[in-house]
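Annotated in TrEMBL:
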- 90-125: domain 'EF-hand' (DOMAIN)
- 135-170: domain 'EF-hand' (DOMAIN)
- 172-207: domain 'EF-hand' (DOMAIN)
- 208-243: domain 'EF-hand' (DOMAIN)
- 240-379: domain 'Thioredoxin' (DOMAIN)
Amino acid sequence: RQDRIVGFFEGVFCVRTRLSAATLRQRSTSSIMIASSLRTAFSIAKAGRVSTRATAVASSLAPRHGVTRRFTRLVPRAEVEGVMDEDSKAKMEALMTRFKMADVDGNGFIDREELRNLLESMESGEVYLLSQHWLPEEELNGVMATYDTNKDGVISFEEFKQIVYDGILLEGTLAEYEGAFKAVDKSGNGTIGATELGQLFARLGNPVSPEKLVDLMQEYDKDDSGQIEFNEFLLMFRNSLLDLKAMSAYMTNDDEPGTGSVIEPVEGDMTIIFSEQELDEIIATNPNKLVVIFAALTWCRPCKGMQRPVQKLAEHYKDHIVFVKLFGNANKQTKSIFKERYQIRSTPCFITLKNGQPVYTQTGSNKEKLEAGLRSMLSNPPVGMIYPSADLPSRVSAL
């Protein structure tokens, strides 16, 4: 139909007519311009339909629950346009080779167990570990639900290509990931604590709030141990939360080896704890200092309001007091500390320990009262107060 329309405008002024030669040339030129414009319009409309279809396909592959992706790589233009140059052919052959490596039984599809091996592989599917599985079932289910677009229970070559294009395969070597893990594990105990994880993001130029740190621990600390093990650390890379190239400077630092402790509080700062082991270790390694537990909940607005004041107190009283923060809704262990060990019923709550025993408890967000109470338990407090108050208590009654 579009050819008939264009043909009409090309010939309508070219028939025999009694018009003058000059008029005929003028109108013929007009007809050609109109025809050219129509051809351009048809080409744009066709391209728009192709673009719309491509957008629809991309939308259908959007991340679903359980699969975190930082970005989606574009499908090579050669595949969209149907034109394959030599470079594109070589890349497609390389993809097919990797697909066949994943398709162990050679049936032309990647089944669930083969997909697990692929996701646990290194160097973008070139090296398979095949030792002990570390990918959680929920992660495997999420990837299968996202990329098995026709819901036949297996991954075809076309679906495999999308997995590669989206960059969810681990691109580094095992040695590189082990090196990154050891660099983050400042304490040297073989696991990564929340404090170490927070320090990592801060040094990478992306500091996270305590509440966000709780979210990360809830997502990646799969066994609720309060620590990130190596397999859980690998998940952060697979989900594009961490990048090996960005960590290169972090991995080559010359920090002194750690003590092997499960947690090392940062002097003058507030340390977040996620387990009873961390809390008990802090108490045991600070016999000459008070230990103040800042008990909070991630959704508690007064708790968030007390974050900065308590940090200032931690800095001012660093020679006398160790401040730790406990989120009662972080995991099973913190919930147990919250409800069973200290029977906390409202937040924010501040529990001061001396030799491991509670000696003073305060609830609410009165920072002046909190500092006054803490100073009253110190035999030689530092000069000056951060939050001076007109009516300081003469003493604080022990619980």
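Placed from the backbone N, Cα and C atoms, the Cβ positions cover glycine too.
Keep in mind that TrEMBL annotations are predicted by a computer and have not been checked by a curator.
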*Per DSSP, what is the residue tally for the domain 'EF-hand' (90-125) in helix, strand and coil?*
24 helix, 2 strand, 10 coil
*Folded-back contacts onto the domain 'EF-hand' (208-243), same chain, C-beta under 8 angstroms, at least six residues removed*: 67-71, 119, 134-136, 139, 167-170, 172, 177-178, 180-181, 184, 191-194, 197-198, 201-202, 262, 272-275, 277-278, 298, 304, 307, 325, 327, 329-334
*Could you break down the residues of the domain 'EF-hand' (135-170) into DSSP helix, strand and coil, giving a count for each?*
20 helix, 1 strand, 15 coil
*Would you mind splitting the domain 'Thioredoxin' (240-379) into helix, strand and coil residue counts from DSSP?*
47 helix, 31 strand, 62 coil
